[in-house]
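Structure, as structure tokens:
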Amino acid sequence: MVRILVLLVGVPVVNAFAPPTARAPFGALSKRRCTSNTHHHRNTNLLHPSSLYTDRKYNKSTTAREVVNGIQLADLLYDETSLAFDAWEWTANLGAPAALVAGAVLVTMSETRGEFAPRQSDRKWVRVAKQLTRLFLLSSFALEVISIFVSTVTGTVLLSHGAVAPVTKAIGYGSPLGLLKHHHEFEYLTIRIGFLQGLLNWLAAVALEIMIPKEKEPLCARRMNAFMTTCLFTIIFWIMAFYNHHLTFYGNYWHMLARYGLLFRRRFFCGQFRPMSLLYGPSSLLSIFLGWRAFNTPPDTDDVDDADEKKSTI
């Protein structure tokens, strides 16, 4: 009986000498903490005006992934800096194989440049195959260089920001690639697509180079070339199947390309004005025009020298 009286009297006494927050009921205290966290997230200046998604005011029903619609790099904070360091290691490790592929592409381009110049005597499919081979080689080299450059820059960004306080965690990714996907999705897709597509373009160019018949080539050599060409294209298909089976965050490679196209359009065409667009915009249009003209040049103009070409273009 004495113990019961002590408990009944002791609780109000302890509560009277406790701090104001401690005297509050448990439900009210939890509500106050949630309100404090919500207010903190609303004033952390993490939302960027040019968000990739529709900006919405934060409320209790908003999920953690919907809170950070677009993050400005100046105020960017990660859940854990260790995850950012692991993501940097991933970007650094991917640069080495991309550089190897780029070097192999350069060797292939230098060896086949004179041999793969279109000639007037070439059949139509041979002519198209030669043009596609050079296009695949050039695009492969460009994609691998872009992958190396973007991975280097993204790695610098990953090591340039700190971590948020534990009370302000609202993102919830649990892996280094999840961090990249959430904060730097455009850069993440640029690195992955650039490396893989550059590798596939190089393999396709090698396959076309083998398939194109050479002068005075015997029948047995042509059959062997057809066999090696089909083997290379089979390897390409197997690579795509293996890649789709182990893909994370996206359904398949085509889903990645569609998502990247959407992010590219929003980044460079639907956002704020970019001064460099005055240079890369006209340059892109000029490249498209020159490519269209190269693929539509008739075979009877292959023997025209440079002087006649200048007169015809003027």
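Placed from the backbone N, Cα and C atoms, the Cβ positions cover glycine too.
Caution: TrEMBL annotation is automatic and unverified by curators.
Note that this is a predicted model, so its numbers are computed, not measured.
Annotated features in TrEMBL:
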SIGNAL    1-16  signal peptide
TRANSMEM  135-159  transmembrane segment
TRANSMEM  189-212  transmembrane segment
TRANSMEM  224-243  transmembrane segment
TRANSMEM  249-265  transmembrane segment
TRANSMEM  277-295  transmembrane segment
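For the transmembrane segment (189-212), same-chain residues at least 6 beyond its ends with a Cβ under 8 Å from one of its own Cβ atoms are 91, 94, 97-98, 101-102, 104-105, 108, 112, 116, 126, 129-130, 132-134, 136-137, 139-144, 146-147, 150-151, 154, 225-226, 228-229, 232-233, 235-236, 239-240, 243, 253, 256-257, 259-260, 263.
Residues 73, 84-85, 87-88, 91-92, 94-95, 98-99, 101-102, 105-106, 108-109, 112, 179-180, 184, 187-188, 190-191, 193-195, 197-199, 201-202, 204-205, 208, 291 of the same chain, all 6+ positions outside the transmembrane segment (135-159), place their C-beta atoms under 8 angstroms from a C-beta of that stretch.
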